[in-house]
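The feature transmembrane segment is assigned by TrEMBL to 25-48, 55-74, 86-104, 116-137, 192-223, 230-250, 316-335, 347-376.
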Amino acid sequence: MTSENTFISKVKCIVLALLPVLGMYHYLAGISLGLFILLLFVPIDFIFGKGQWKMNWNIIGLVSVFIIVNIFSYHINYKHIQYQAFINNLLYLLFFMLISSYYTSKEINVAFFEKVLLFLGVAFSIIVLIQAFNFLIRHESISFLLPLETDLEENVDSIQFNGRPNSVFQEPAHFAIFMIPLLYNVLSKKKVWLTVLFTVSIFLSTSTYGLMLTLIIYLIYALRNKNGKIYFFLILIFCALLFFFFYDFFQAVLDTNINKTQESMDLTGNTRFMGGIESVEFMDFFQHLLGIGYNQTKDFMEWHYLAGASNYSNSFLFSFYAGGLVGFLALLYFLKKTYKINIDKIYFLIFFLTLLTDQIIFNQNFLYLLFVIYFIKPNYNENSPSDK
């Protein structure tokens, strides 16, 4: 391997690790900055790499189903789907399919990729601590979003988190999605200080998703390890002390999470879990079979004068809206095939629970979690050869 090739390999790992952040910023027809940069690396791979075009057929199969179904679905739902939106979504699906299937089938420098992830995890966690302390002392929110002139600026007002730290992400839940796999990584390798830092940052983010997944990870660790129960109870005590010392901060943001928890009890009123569920009764047989179009739930609901119109729901419902029963079954089959490969099943569980609680289908978080699943293998040895 040449030094130039090694350098390119490391830069590529950095971009892959930063995808959840870079994926928030869009420039061309909904194509994110992160995916665009990954596209630029494809010809570089052929020039300086082995020049082999390998594809992940599991991902190709999943996205192809949604592409084909959406072509048929457009002719069924043409009344509420704008032609340009249909073309943009179709091009995005094609683009995502090529990029995701290409990179998840590549060999990368796993050791360096993992180091970059942990470095980013530390940096993003420190930012959360800064945001929490600043809100506690000055009662002001600090945004660390990148000053890029992109579509993200249109949503700046909705990103104001009223004291809830979100690091460099649009919302605390997205920060938690990035951090949860890293928390499991350092916990399983008994990296105590990183475990404490990541746990504290997720706790301070007040993300309901983050808190729930943190608890699940610690419970699994307690059940699978000899001294896990002691470790689990020490963490509970530590979190209780943290809550005591940061009481004013948590009191300031507690109402938001209480409301979210109450909404979670009523699943039909919770957009994150059951958004768009009202549209199901207005769907005919073919729409149940083939869906109402990718990212078209909002337009479909507005067409039928339904309140709370949005494209937001959990990923399983989204797959049904976007691809009907065919799309939903395709997602289940994809998960079944993914589960059977040589992966750490806890990373798969994190992926599954994220799909269950948030809409990440074919976005940067979906791809990030796939990178973690495919690249960080069970019992991974940091001294093993990489990037062959």
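A Cβ is built for glycine as well, from the same backbone N, Cα and C atoms used for every other residue.
The recorded stretches the transmembrane segment (86-104) and the transmembrane segment (25-48) share 3+ CB pairs below 8 A when only pairs 6 or more apart in sequence are counted, and are therefore in contact.
Residues of the same chain lying 6 or more positions beyond the ends of the transmembrane segment (316-335) and with a Cβ under 8 Å from any Cβ of it are 58-59, 61-62, 65-66, 69-70, 73, 274-277, 279, 287-297, 300, 352, 355-356, 359, 361.
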